Structure formats: C-alpha cells, structure tokens
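K.L.:
Let me begin by handing over the structure; questions about it come next.
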Amino acid sequence: MAALTDFAFMYRWFKNCNLVKNLSEKYVFITGCDSGFGNLLAKQLVDRGMKVLAACLTEEGAQKLLQDTSHQLQTFLLDVTKSENVKEAAQWVRDQVGEQGLWALVNNAGVGLPSGPNEWLTIKDFVKVININLVGLIDVTLNMLPMIKKARGRVVNMSSSGGRVAIFGGGYCVSKFGVEAFSDSIRRELHFFGVKVSIIEPGNYKTSILGQEALESRMKKLWDRLPQETRDSYGEEYFQTYTKKLVNLMRSAEPRISDVTNSMEHAIVSRSPRIRYNPGLDVKFLYLTLAKLPTPVTDFILSRYLPRPADSV
C-alpha cells in the first residue's frame with residue numbers, strides 16, 4: 001500500500017513538473033481580466049514570460065492591468081455578450097498570433113447575480129447571467145477555435161462547484177452546468193486535433209462576482225418587487241433567513257484566490273493538464289460528495305439548509 005501511495009505521489013509530481021517547452025513564445029487570451037481570477041492569472045503568466053492577451057470589460061480595468069504588468073501583456077475591451085465585439089476580438093487576436101496560432105484560451109468572464117429563489121426571479125434575470133457565463137463563453141470559443149487548433153493548444157473554461165450541484169437558484173448554476181456540458185463535448189471533438197480542454201471548478205472564493213453589499217441590496221430588491229401573494233407564501237422570516245445564509249456564505253469565502261489561478265496556470269503550462277480542477281476544500285469534501293450521492297439524499301441534505309416558507313406543507 002505504501003509503495004502504491006509513493007508511486008501515485010511521484011506520478012502526480014511528474015505530471016505537475018512536466019511543462020510545455022518554449023512558453024515565452026506562446027500566446028494566451030484571457031477574458032474577464034478587470035479583477036479577480038482573470039486579473040491575477042494574467043499577472044502570473046506575464047511573470048512566466050508568456051505573451052498575454054487580456055480582455056477587459058472596462059477601460060479603467062485595462063489601464064490598471066497595463067500599469068501593473070510589462071510590455072508582454074496587451075489588452076482589448078470585450079463584452080462577451082456582444083457577438084460583433086467577439087468577432088473583433090478574434091480578429092485582433094489573429095493579428096497578434098499570426099501563423100503560430102493561439103496556445104490557450106481562458107474563458108474566465110462571468111457574473112453571479114441575480115441569484116436567489118427561482119420564483120423570485122424573472123426570465124431577464126436568468127438570461128442576463130446565462131448570456132455572460134455560457135452563451136458568451138461559447139461565442140468566444142467558437143471564434144477562437146481555428147487559431148487554437150493551429151497551435152494544438154488548450155481551452156480552459158471557468159465553471160464552478162455550482163456546475164456540479166445546484167446549491168442556489170437563478171441563472172448561475174444553470175449556466176455552469178451548461179459550461180460543463182459544452183466543455184465535455186468539445187473536449188471529445190477536439191481531441192483529434194491535439195487540443196486539450198480543462199474545466200476549473202472552484203469552491204467559495206472571495207471575488208467581486210458576489211460582493212456582500214451587492215448581494216444584500218439585490219436580495220432586498222428581489223423581495224420588494226414580488227407580488228404580495230408570493231411574499232405571503234414565503235414570509236418575511238424566510239426572506240431574512242435566506243439573505244442571512246447567503247451573506248454568511250460570502251463571509252466564509254476563501255480569500256486566497258491564487259489556489260484557483262494556480263490551477264488555471266497548470267492547465268496552460270503543463271504537458272498533461274487535468275480535465276477537471278477542484279480548488280478549495282469545500283469542493284473536495286462537500287460539493288463533489290453531494291454531486292455523487294443519490295439525488296434524493298442530496299435533496300434531503302440541501303433542503304435542510306433552506307429556511308421553511310410560511311405556507312409550507
């Protein structure tokens with residue numbers, strides 16, 4: 001048993017240390033670089049000497065990133081929900097990489113709000129999140145694929161523990177389940193072209209995607225706009241308890257986001273990237289377990305976390 005453990009450790013160590021050659025000559029395109037995971041990953045890859053093409057949503061975010069990095073990084077303003085903008089970004093990347101192609105695409109752009117009980121949300125709330133987290137990701141990928149195939153490169157897609165088990169309502173978990181399915185399907189198709197696809201499934205990390213103040217404010221707006229009949233069926237206590245639980249979840253978030261960006265970096269620079277990365281103890285010991293349990297058992301556990309509505313049976 002000890003020998004098997006040692007062998008497994010050595011095998012994992014070898015895979016982690018077995019890096020791609022000539023990294024300084026390779027281009028990486030990252031979406032969502034204004035802050036959070038994308039911002040830190042861009043800086044890490046610049047430190048490695050790679051050529052980073054960073055897409056930011058705002059001019060302010062782009063300028064700040066340029067100030068914090070070297071000439072090896074270039075920025076492009078990109079809203080992934082606008083197809084024309086995505087096409088422009090693809091042409092810009094094509095102009096930068098030339099015949100060598102694009103080594104890695106990192107689909108990181110995403111939002112978490114609006115989230116909440118599904119009945120409290122509108123179809124526009126769902127569409128807003130899904131358009132950014134899933135449809136935009138697919139649009140960017142499809143436009144970049146010819147360049148990635150040319151380089152025999154990688155696609156790294158940001159999913160979530162919420163892509164394995166739906167822990168709350170709204171478009172977030174719906175979109176992340178979609179990211180998982182899209183990633184699985186293109187991984188199998190692109191295997192024949194020498195392209196590798198990795199999925200990042202982080203747990204609860206402290207980023208701007210779900211800020212505490214924005215969360216409390218958003219929950220109050222959701223509650224206030226509900227019809228009186230719906231509010232009566234849930235009750236004020238349900239609203240207060242549900243909001244408190246979400247806020248506590250955000251307060252317990254892990255601030256060390258380098259756990260996540262290190263996983264993303266490994267997917268880019270390793271010759272043997274993993275199919276799925278699960279940074280965070282909560283993912284490893286809670287969410288993945290919940291995802292693998294029989295559905296009635298998972299339902300029982302998660303329903304005990306939810307408050308009881310006033311009009312419950």
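Backbone N, Cα and C atoms are what each Cβ position is placed from, and that goes for glycine too.
Annotations per Swiss-Prot:
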- 29-53: NADP(+) binding site (BINDING)
- SER160: substrate binding site (BINDING)
- TYR172: active site, proton acceptor (ACT_SITE)
- SER185: phosphoserine (MOD_RES)
K.L.:
Measuring C-alpha to C-alpha, could you say which of the binding-site residues PHE29, LEU41, LEU45 are within 10 Å of the residue listed as 'substrate binding site'?
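P.N.:
Those close enough: none at all.
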K.L.:
Could you find out if DSSP has SER185 (phosphoserine) as helix, strand or coil?
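P.N.:
DSSP assigns SER185 (phosphoserine) to helix.
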K.L.:
Taking each of the binding-site residues CYS33, LEU41, LEU45, LEU53 in turn and counting other Cβ atoms within 10 Å of its Cβ, which one has the fewest?
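P.N.:
Among the binding-site residues CYS33, LEU41, LEU45, LEU53, the sparsest Cβ neighbourhood within 10 Å belongs to LEU53.
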K.L.:
Measuring Cα to Cα, how many Å separate LEU53 (NADP(+) binding site) from SER185 (phosphoserine)?
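P.N.:
Spelling it out, the Cα of LEU53 (NADP(+) binding site) and the Cα of SER185 (phosphoserine) are 26 Å apart.
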K.L.:
Can you tell me how far the Cα of LEU41 (NADP(+) binding site) sits from the Cα of TYR172 (active site, proton acceptor), in Å?
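P.N.:
One finds 22 Å between the Cα atoms of these residues.
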K.L.:
If we check Cα distances from TYR172 (active site, proton acceptor), which of the recorded positions PHE29, CYS33, PHE37, GLY49, SER185 wins as closest?
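P.N.:
Given the candidates PHE29, CYS33, PHE37, GLY49, SER185, the nearest one is PHE37.
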K.L.:
Counting Cβ atoms within 10 Å of each candidate's own Cβ, which of the recorded positions PHE29, PHE37, TYR172 comes out highest?
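P.N.:
Selected residue: PHE29.
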K.L.:
Given the binding-site residues GLY49, SER160, which one has the fewest other C-beta atoms within 10 angstroms of its C-beta?
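P.N.:
So among GLY49, SER160, the binding-site residues given, the one with the fewest Cβ atoms within 10 Å is GLY49.
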K.L.:
Please state whether DSSP places GLY49 (NADP(+) binding site) in a helix, a strand or coil.
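P.N.:
In three-state terms, GLY49 (NADP(+) binding site) counts as coil.
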K.L.:
I need the CA-to-CA distance for SER185 (phosphoserine) versus PHE29 (NADP(+) binding site), whole Å please.
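P.N.:
Distance (Cα to Cα, whole Å): 21 Å.
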K.L.:
Can you tell me how many other Cβ atoms are located within 10 Å of the Cβ belonging to SER185 (phosphoserine)?
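P.N.:
So the Cβ neighbour count for SER185 (phosphoserine) comes to 11.
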